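Database features (TrEMBL):
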type: BINDING; residues: G10, Y11, G12, G13, L14, S187, T188; note: NAD(+) binding site
type: ACT_SITE; residues: K121; note: active site, nucleophile
type: MOD_RES; residues: K121; note: allysine
type: ACT_SITE; residues: E191; note: active site, proton acceptor
type: ACT_SITE; residues: H195; note: active site, proton donor and proton acceptor
Amino acid sequence: MATIRVGLLGYGGLGQAAARMLAAKKQMILVAAVDSKGYAYHLEGLDAAHLSLAISRHGSIGYEPVVGVVADDPIQALLANQWPVDGYFLALPNLPNTFIASVARTFIASGWRGVLVDAVKRTSAVEQLLALGPDLERAGITYVTGCGATPGLLTAAAALAAQSFSEVLSVQVTFGVGIGNWEAYRSTVREDIAHLEGYSVESAQAMSDAQVSALLERTDGLLKLENMEHADDILLELAGICGRERVSVGGVVDTRNPRKPLSTNVRVTGRTFEGKTSTHTFTLGDETSMAANVCGPALGYLKAGIELHRRGHHGIWSSAELMPRFVS
Ligand code: IKT
């Protein structure tokens, strides 16, 4: 396979981690990156360390000398150049809840053809993307949705585990995330807060950093999330594994400690053809970070999407329908 030229939309905690991960890959090269104020492009490859420096010194990768451009609408501005990029990882916060679908529409309108993968989490966000399926197909775009840790890695694991059963009775995703400093993941933490009782996507998005810090002060840095609106349900339902009411997602985020508060796992309970009820459990290693478990699968699904795209398959797929391909 020819080297895959990758773009990253979003250069916060997850985008920067994906860039670091790409630096160690041979099959992929980072050629484009976008943040809220600008973009950078270089066909021979961008330097992740230089981009991070441009952010810490000037607030945007658009200020990176030679390769950076500051722009009001950086995604539009980058696409207008029509420079070659095979696929993009949308490492963007989905705030508001319509944002990722609006980005997909920007790609459709631009005439660009290639692969898009996202790490969206909410069921309603995936519904908006599924509605774009025919437009993505006509535009020659191969879109894979729900490609992070959950939905993503754990959804694929659930789909694999289901194979032992005649009927899947429940899928329970429980995550434990530890981050040393919440400010490295400002948007992700706001997305998590939006799931708490008394908050919405709009109110969490509108919170100042001081308000987020005050909330975390009250909870000892912990965010406990239960029965989340989570796209693992719709993705497993569409893949024919089980009804969405049988899927539940929750977990704990510790914003003051990089150690996971519990081991992330997915438990798939089903009935075998012999009438026995049993549970398969897939547990992530405690030493793996959220960044590794989101960005690794996203790149793996990007590679799987590239293979589909090169065979002429366009439209929308999900992490429950495809296996990610390991990127060396
Ligand atoms: C969410 O799905 O919204 C929560 C996210 C969970 C990430 C799981 C990572 C698992 C792991 O690394 O062990 C995140 C907390 N926003």
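Note that Cβ sites are derived from N, Cα and C of the backbone, with glycine treated the same way.
Heads up, TrEMBL stuff is auto-annotated, nobody curated it.
Here the Cβ of L14 (NAD(+) binding site) has 25 other Cβ atoms within 10 Å, regardless of which shown protein chain they belong to. Under 6 Å, Cβ to nearest atom of ligand 1: this is the test, and of the recorded positions G13, L14, K121, S187, T188, H195 it is passed by K121, T188. Note: the CA-CA distance between H195 (active site, proton donor and proton acceptor) and L14 (NAD(+) binding site) rounds to 20 Å. Other than G10, Y11, G12, G13, L14, S187, T188, the residues of this chain whose Cβ falls within 8 Å of the Cβ centroid of the NAD(+) site are, in sequence order, G15, Q16, A91, L92, P93, Y185, R186.
For G10 (NAD(+) binding site), the same-chain residues that are 6 or more apart in sequence and have a Cβ closer than 8 Å to its Cβ are V34, D35, L90, A91, L92, P93.
Secondary structure at K121 (active site, nucleophile), as computed by DSSP, is coil. With a 10 A radius on its CB, S187 (NAD(+) binding site) counts 18 other CB atoms from all the protein chains. A straight line from the CA of G13 (NAD(+) binding site) to the CA of E191 (active site, proton acceptor) spans 13 Å. The two recorded residues, L14 (NAD(+) binding site) and K121 (active site, nucleophile), show a Cα separation of 14 Å.
Looking only at the binding-site residues G12, G13, the densest Cβ neighbourhood within 10 Å occurs at G13. For E191 (active site, proton acceptor), the number of other Cβ atoms no farther than 10 Å from its own Cβ, over all displayed protein chains, is 20.
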